[in-house]
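Just below is one structure, and these are the notes that go with it.
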Amino acid sequence: MAGATSSIIRENDFEDELAESMQSYNRETADKLALTRTESVKPEPEITAPPHSRFSRSFKTVLIAQCAFTGFFSTIAGAIYYPVLSVIERKFDIDEELVNVTVVVYFVFQGLAPTFMGGFADSLGRRPVVLVAIVIYFGACIGLACAQTYAQIIVLRCLQAAGISPVIAINSGIMGDVTTRAERGGYVGYVAGFQVLGSAFGALIGAGLSSRWGWRAIFWFLAIGSGICFLASFLILPETKRNISGNGSVTPKSYLNRAPILVLPTVRKSLHLDNPDYETLELPTQLNLLAPFKILKAYEICILMLVAGLQFAMYTTHLTALSTALSKQYHLTVAKVGLCYLPSGICTLCSIVIAGRYLNWNYRRRLKYYQNWLGKKRSKLLEEHDNDLNLVQRIIENDPKYTFNIFKARLQPAFVTLLLSSSGFCAYGWCITVKAPLAAVLCMSGFASLFSNCILTFSTTLIVDLFPTKTSTATGCLNLFRCILSAVFIAALSKMVEKMKFGGVFTFLGALTSSSSILLFILLRKGKELAFKRKKQELGVN
């Protein structure tokens, strides 16, 4: 049973670093073991394993651009709508609470759709689900541009969110397919950073379009843009799911999973399509619509999703409140309201990109420390067990205290960033309440946003690390928490502002988020043991 346990656990992506370090044995120990041998063993020829991914650095750059372009239309659909909330309110003769419902339903379906569509992406492949998602979104945008009643707006906003929202989770899956853990933080950060351009500049774009051509122009813009995005995805987005295309060198059997770009000779040569690495194909993932609920059973995952979800909810609530406050308290035009979203947007973009680069640096630093520590522990165990290499290897592989702490590598700075963003949002709320100069409101909005979305990169990268074969499903669960909590707070925003004013609302949200961040200490101390135990239970290993 011990041997079987070792072979199974070794296959877990969570143990990648352990496998790496086991390959580089201490030179002194190797010399000692060599002295005990009495027979000369002829060395076997070295077999070079195929690379984790055949996608070149330049091709990965293309993937980043395409994923970000697709994800852009998911993030912008929410932000581009904020400047016209007051316009929609007047157009359909509804109150502030009802116009906020159009934002709430968008977040609800933005959370629900990826939770289930992620399973299709993990089993049927990334490419088909992305193409279907864009088509649904394209149709919904045309419908919204032609909508004549409030009810039509509500229904089509639901369809719009359900259509495009899965691509955010699928993009994380694509990055997980083509990257190693050492480089993943940077790539996830870049994709998330460019995706968030929609949130960063969506309000500005929406304000410009609506002030010039009316509120319907924003949906025509989204329809035209998503149509172009569909053509680009259809032509160049390859299938990356490893049970379908391996490391990228295996041509998918289904034509739905084949990108036309693969017929180009340079691409075929680069990906080794004529000499595929079949050994990199993973076992097929069965479609299981209940898989998200199994992921949510994990204690450590629920903690991570709660903390990240509350932070994201506070960020989106601040964006919604900003539109209302600027138009009603500062009496700004739609175009000026859009400009006021720039500080938040630019700081959000900077924070996500910098957070991704930090993750790569911190991962390398902690991995180097871990390998040195493990080398010393291995040498000590060899002395205690008469240089029995196999026994020592089994001990290390089956004791969680010897595993690399991926939670520390990904979440170490999160507590500080959460406290800073919560403080910034609290100050932002009180600036609006006391009608401070507009510059003060925008400075606090930018400061809070600079630290707010770091947790997005930290949590997404960690989720991809923990669920390498179910990345879209797992990221969809994270998205569910974020969007449902956002919907709850935005739905209650107008009532809360009536009772507590903006200052009280954001003080409450800041206190809630800061308090929840304390739970991260559980993950830093016990996360790797919880994940190790969960993985063994999933594999049926005692």
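Note that Cβ sites are derived from N, Cα and C of the backbone, with glycine treated the same way.
Within the set Thr29, Thr38, Thr179, Swiss-Prot records phosphothreonine at Thr38. Looking up Ser7, Ser21, Ser211 in Swiss-Prot, the residue bearing an annotation of phosphoserine is Ser21. Per Swiss-Prot, the phosphoserine annotation among the candidates Ser40, Ser245 falls on Ser40. If you check Swiss-Prot, you'll see Met175 and Val497 are listed on opposite sides of the membrane.
When Cβ-Cβ distances below 8 Å are used as the criterion, the transmembrane segment (334-354) is approached by residues 79, 82-84, 86-87, 189-190, 192-193, 196-197, 199-208, 210-211, 318-319, 322-323, 326-327, 438, 441-443, 445-454, 456-457 of the same chain, each at least six residues removed from its ends. Averaged across the topological domain 'Extracellular' (209-216), pLDDT in this predicted model comes to 89.
According to DSSP, the topological domain 'Extracellular' (322-333) comprises 7 helix, 0 strand, 5 coil. Assigned with DSSP, the residues of the topological domain 'Cytoplasmic' (459-472) fall into helix, strand and coil as follows: 10 helix, 0 strand, 4 coil. Long-range Cβ contacts of the topological domain 'Cytoplasmic' (122-127) within its own chain (Cβ-Cβ under 8 Å, at least 6 residues beyond either end) map to 170, 173-174, 177, 233, 237-241, 244, 252, 254, 256-257, 259, 284-288, 291, 469-473. Under 8 Å from some Cβ of the transmembrane segment (101-121) lie the Cβ atoms of residues 74, 77-78, 81, 85, 88, 129-130, 133, 153-154, 157-163, 165-166, 168-170, 173, 241, 287-289, 291-292, 316, 320, 470, 472-477, 479-484, 486-487, 490-491, all in the same chain and six or more residues away from its ends.
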